[in-house]
Structures are given as C-alpha cells and as structure tokens.
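Record features, source TrEMBL:
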{"type": "REGION", "residues": "1-27", "note": "region 'Disordered'"}
{"type": "COMPBIAS", "residues": "18-27", "note": "compositional bias 'Polar residues'"}
{"type": "TRANSMEM", "residues": "49-70", "note": "transmembrane segment"}
{"type": "DOMAIN", "residues": "62-303", "note": "domain 'G-protein coupled receptors family 1 profile'"}
{"type": "TRANSMEM", "residues": "82-105", "note": "transmembrane segment"}
{"type": "TRANSMEM", "residues": "125-146", "note": "transmembrane segment"}
{"type": "TRANSMEM", "residues": "167-186", "note": "transmembrane segment"}
{"type": "TRANSMEM", "residues": "201-225", "note": "transmembrane segment"}
{"type": "TRANSMEM", "residues": "246-271", "note": "transmembrane segment"}
{"type": "TRANSMEM", "residues": "283-306", "note": "transmembrane segment"}
Amino acid sequence: MGLEGRETAGQPRVTLLPTPNSSGLSQEFESHWPEIPERSPCVAGVIPVIYYSVLLGLGLPVSLLTAVALGRLATRTRKPSYYYLLALTASDIIIQVVIVFAGFLLQGALLARQVPQVVVRMANILEFAANHASVWIAILLTVDRYTALCHPLHHRAASSPGRTRRAIAAVLSAALLTGIPFYWWLDVWRDADSPSTLDEVLKWVHCLTVYFIPCGVFLVTNSAIIHRLRRRGQSGLQARVGKSTAILLGITTLFTLLWAPRVFVMLYHMYVAPVHRDWRVHLALDVANMVAMLNTAVNFGLYCFVSKTFRATVRQVIHDAYLPCTLASQPEGMVAKPVIEPPGLPKGAEV
C-alpha cells in the first residue's frame with residue numbers, strides 16, 4: 001500500500017514544494033481545492049487504528065483457520081481449485097501481517113512513523129509483492145474455472161497437483177520480482193519533493209497490474225462462463241452454477257468493488273488534488289485503504305455461505321483443536337469417553 005494512508009500525530013509541519021501538476025484540469029479545480037501550505041489534518045483520528053486492530057484481531061485467526069481447512073481439502077481431494085484458494089488465503093495472511101500490522105499499526109501508530117527510510121522502502125517491496133500475489137492467484141483460479149467449464153477435456157488432461165503447484169510458485173516468484181521496483185515508491189507523507197515521473201509511472205503500473213488488467217481478465221472470463229452456462233440451459237442441459245464457480249464470481253466481484261475506491265482516489269491524488277493539499281482527499285484515501293484491506297478477511301464468510309463441504313471441514317478443524325484442550329483439562333486418571341467423529345463429507349461434494 002506504500003504507506004500512503006498512514007498518518008501520525010505530532011509530526012512537524014512542513015512547507016510543501018509546488019507540484020508540477022499545472023495542467024488545465026488542476027487549474028480548473030483551483031477554486032475548489034485551494035493550496036494549503038501545511039499538511040492536511042487527519043480528520044479520521046484514531047478510527048483507522050481501531051479499525052485495523054479489529055481487522056487484524058478477527059481477520060488473522062479466521063484466515064489461519066481458512067488455510068488449515070483448505071489445506072485438508074486440497075490434500076484430500078487434490079483439486080486445483082483448492083490449491084489456488086489455499087495460495088490466495090496465504091497471500092491474504094501475508095497482507096494482514098505485512099501491511100495491516102507492520103505498516104499501518106506498527107510503523108504508523110506505534111512508532112509514529114519514526115522509521116529509517118530504507119526500512120520503509122524495503123517494506124514497500126513486501127507490500128506490493130503480497131498484493132500482486134493475491135490478485136494474480138485469483139487470475140489463476142479464474143482461468144482454471146474457465147478451462148474447466150468451457151474446455152473440460154483439456155482441463156482434465158492438463159490439470160494436476162504438480163502443475164498447479166508449479167503455476168502458483170511461478171506467480172509468487174513473479175510477484176516478488178515485480179515488487180522490487182516499488183522500492184522507489186514515493187511516500188507522500190515523508191518526502192517533500194514533488195512527484196517525479198518515476199513515481200507517476202509506478203502508480204500507473206500499480207493501478208494496471210493490480211486492478212485494471214485483473215478486472216479485465218475477470219470480466220472476460222466470467223462473462224464467458226456465464227454465457228456458457230446460459231447456453232447449457234437453453235439446450236436443455238443442466239445449467240446449475242457449481243460451488244467453485246459461485247466462489248469464483250464472489251471473490252472477483254468483492255475484489256472489484258472493494259479496491260475501486262483506492263484506485264480512484266490514487267488517480268485523483270495524482271491529477272486533481274494531492275492528499276496533502278486538502279483534508280477531504282486525505283480522508284478519502286484513509287477510507288479507501290480501509291475498504292481495500294477488508295478484502296483480506298471476507299473470503300471466509302463467502303466460502304462458508306457457498307460450500308457445505310468447507311463448513312464441515314471447518315467444524316472438523318475446530319473439533320480437532322478443541323479435543324486436546326478438553327483432554328488436557330481433565331483430572332489425572334480419568335478416562336475420556338470415546339468421541340463420536342463427525343460424519344464424513346458428502347460423497348461427490350465439491351468446493
């Protein structure tokens with residue numbers, strides 16, 4: 001996230017250098033966005049700190065539970081979709097730790113941004129790499145579902161756990177490599193220099209690789225999937241939307257909606273009014289970052305709502321974790337009664 005929305009109290013006021021955004025568009029908005037020589041105030045106050053604390057306190061345990069459940073399902077069924085969902089959950093966990101905890105809470109709130117700049121820039125690499133990994137794995141899941149529905153014979157012949165793991169490893173490696181250029185991402189709250197051409201290029205690369213291009217892929221593939229299902233219904237075949245397809249549509253729709261405000265505010269910040277110029281843009285960026293980070297914690301509810309198999313596996317994971325605690329709390333010499341295992345997953349059940 002580039003630490004853009006992290007604001008701290010007690011930071012000295014600085015005089016900002018004039019920005020090169022002197023186009024006709026910015027002059028047109030001059031009356032609405034008067035230039036303020038001081039840093040815009042953080043009107044959100046402690047609300048972001050409370051929000052990110054709750055998000056981390058609830059989202060991280062839920063994501064870990066999701067990862068354990070998906071790991072069991074991937075081992076049991078060896079379906080590519082479970083491996084992709086597991087990798088997506090792992091990426092969300094990294095985002096929660098690196099961006100929400102280390103970025104917003106640790107650097108922004110606890111350390112009051114008194115962190116060496118090289119540490120901040122190294123953290124940028126991990127943050128953008130985690131974002132790229134999460135979005136691009138969702139693209140792999142989308143392509144997998146498209147192939148399974150529109151080209152089933154090719155999907156059966158080509159899909160295997162080994163090939164799936166290699167695809168995931170390639171995406172994670174590419175995400176880490178593409179995160180390196182964001183070492184030079186401009187921190188608008190620390191750097192007094194005007195935005196450079198490099199910074200504008202990095203922001204556009206970020207918007208394209210994390211939002212516009214993935215959303216284009218989601219739109220094309222999801223439209224093809226829905227069109228295929230409609231054609232099946234018109235020809236008299238079963239046109240039921242499978243659980244894997246429903247989860248895919250839910251994941252891509254939530255991502256598109258939750259990340260849209262951040263991308264819009266970022267472009268507005270570049271070409272209309274910088275964040276440090278007006279408290280309204282500052283507030284909009286804070287809210288947009290909070291909404292975007294919600295994307296890391298909502299998938300568990302989606303999986304539980306759609307998949308009975310996932311719900312049964314989650315209950316089994318909680319039961320297995322609760323049983324040793326129950327046995328350990330019993331007095332010595334007491335024999336535990338046999339526990340009836342939960343019923344197995346329904347035969348033929350999918351994601």
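Glycine is no exception: its Cβ is also placed from the backbone N, Cα and C atoms.
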Which range wins on Cβ pairs under 8 Å with the transmembrane segment (201-225): 49-70, 82-105, 167-186, 246-271, 283-306?
246-271
Do any residues of this chain, six or more beyond the ends of the transmembrane segment (167-186), have a C-beta under 8 angstroms from a C-beta of it, and if so which?
2, 83-84, 87, 121-122, 124-130, 132-133, 136-137, 140, 193, 195-196, 198-199, 202, 205-206, 209
Excluding the flanking five residues on each side, which residues at least 6 beyond the ends of the transmembrane segment (283-306) place their CB within less than 8 Å of a CB in that stretch?
1, 4-5, 7, 42-44, 48, 51-52, 55, 58-59, 62-63, 65-66, 85, 88-89, 92, 95-96, 99-100, 104, 134, 243, 246-247, 250-251, 254-255, 258-259, 261-262, 264-266, 268-269, 275, 314, 351
What mean pLDDT score does the domain 'G-protein coupled receptors family 1 profile' (62-303) have in the model?
87
Remote residues contacting the transmembrane segment (125-146) - C-beta distance under 8 A, at least 6 residues beyond either end:
1-2, 80-81, 84-85, 87-88, 91-92, 94-95, 98-99, 103, 155, 159, 167-168, 171-172, 174-176, 178-180, 182-183, 185, 206, 209-211, 214, 217-218, 221-222, 224-225, 244-245, 248, 251-252, 255, 296
With a Cβ cut-off under 8 Å, give me the same-chain residues at least six positions beyond the ends of the transmembrane segment (82-105) that come close to it.
1, 3, 5-6, 48-49, 52-53, 55-56, 59-60, 63-64, 66-67, 70-71, 73-74, 123, 126-127, 130-131, 133-134, 137-138, 140-141, 144, 161, 164-165, 168, 171-172, 247, 251, 289, 293, 295-297, 299, 303, 351
With a Cβ cut-off under 8 Å, give me the same-chain residues at least six positions beyond the ends of the transmembrane segment (49-70) that come close to it.
82, 85-86, 89-90, 92-93, 96-97, 100-101, 104-105, 108-109, 290, 293-294, 296-297, 299-300, 303, 310, 313-314, 317-318
